[in-house]
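Here's the structure, in structure tokens; my notes come after.
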Amino acid sequence: MQSFKIARVMGIPIELHITFILLLILVYYFWDIGGFILYVFLFTSVVLHELGHSYVAKKYGVHIEKILLLPIGGMAMMDRIPKEGEFKIAIAGPIVSIILGILFLGLSTFMDFNILKIDNMVYPLFMTVGVLNLMLGVFNLLPAFPMDGGRVLRALISHKVGYLKATKIASTIGQYLSLIMLGFGIISLNIILILIAIFIYYGASQEYHALLSHDVFNKIKVKDIMSEDIVSVSPDDSIKDLVDLMFKYKYMGYPVVKDGKLVGSVSFNDIRNVDENISVKDIMKPPIVVSKNMDLNDLLLKMGNSERAYVVENNKLKGIISKTDIIRILKLLGLKRYEDNENNKK
Ligand SMILES: [Zn+2]
């Protein structure tokens, strides 16, 4: 994704996506400088909406990577949304928009400029910006994902029905809403309405699936997926011994064990372009050590880019987990989800 940084507010970079800039050029081409000015006011309003979310989120210790502006709106990219702050973070954006809407409408009763004329309709700048801000605020309060109102709804009902169920309810409402909008869009041949409907439909289902996989990952423990067939090497083995072992067992990586203790890790990648006469201890890397009760979320965080992790209990190597094992589990889960869907249809 190509984007350009234009400013930094409250320590948060504001970036314009390239499609946003293309749209800006199109607006200028079709509606001249009036359209351009209106567009700049609008995207400033969207940035303020996102800054509303960000301001509250920061109070909950959330890191905001950036605010990205796309033709469909803005996005504050947060590393996480804490459950306890979700209500306040979600509602802050629409509140900012509604306040802006009221301020601009108030301002337009004192002074305004007819900035744009489309099909003999005249658009006064402040009034138009005011109305659009109110629409942005109210639209985002719809109780459905991926709008802010979906989060507000989830925060309000999750203590009664549970977080997962609350997410499912808000994303189901989002999907129905998008279908209704799609219907209206098709009847009125309104391409923007159709695009928004498609955007909401996908946004709504993603929210649920992201949470669902997070929830499932919490339930899978390292001990459920680790392999207990351990073939280890000694730090004093030569590279030639290691290569022979790789041909024999066909594993891509091996724990290095000395006096019953895990001291390192070697993999196929480490032995490329090295002298055959050096020994394992010269090329081994520090092992990633995990405990057998760790869940899949923590395991993935701990593993980072590493290919494998070692399970150690009481100083003894108990198992190995490779990225391949994890991918296999993910595929099985994919199948499981498909089956669950099929069963629900019956
Ligand atoms: Zn928002």
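For all residues, glycine too, the Cβ spot is worked out from N, Cα and C.
Automatic, uncurated: that is what TrEMBL annotation is.
The model shown is predicted, which means the values in this text are computed figures rather than measured ones.
Transmembrane segment is the annotation TrEMBL gives to one range among 26-49, 122-145, and that range is 122-145.
Site annotation (TrEMBL): Zn(2+) is bound by His49, His53, and the candidate from Asp112, Asp119, Asp148, Asp224 recorded at this site is Asp148. Each residue contributes its Cα atom, and for Glu50 (active site) and Asp148 (Zn(2+) binding site) those atoms are 11 Å apart. Apart from His49, His53, Asp148, the Zn(2+) site neighbourhood in this chain, defined by C-beta within 8 angstroms of the site C-beta centre, holds Glu50, Gly52, Ala76, Ala90, Ala92, Gly93, Pro94, Val96, Ser97, Asn140. For the domain 'CBS' (226-283), residue counts in helix, strand and coil come to 19 helix, 17 strand, 22 coil, using DSSP. Note on the domain 'CBS' (226-283): mean pLDDT across this stretch is 84.
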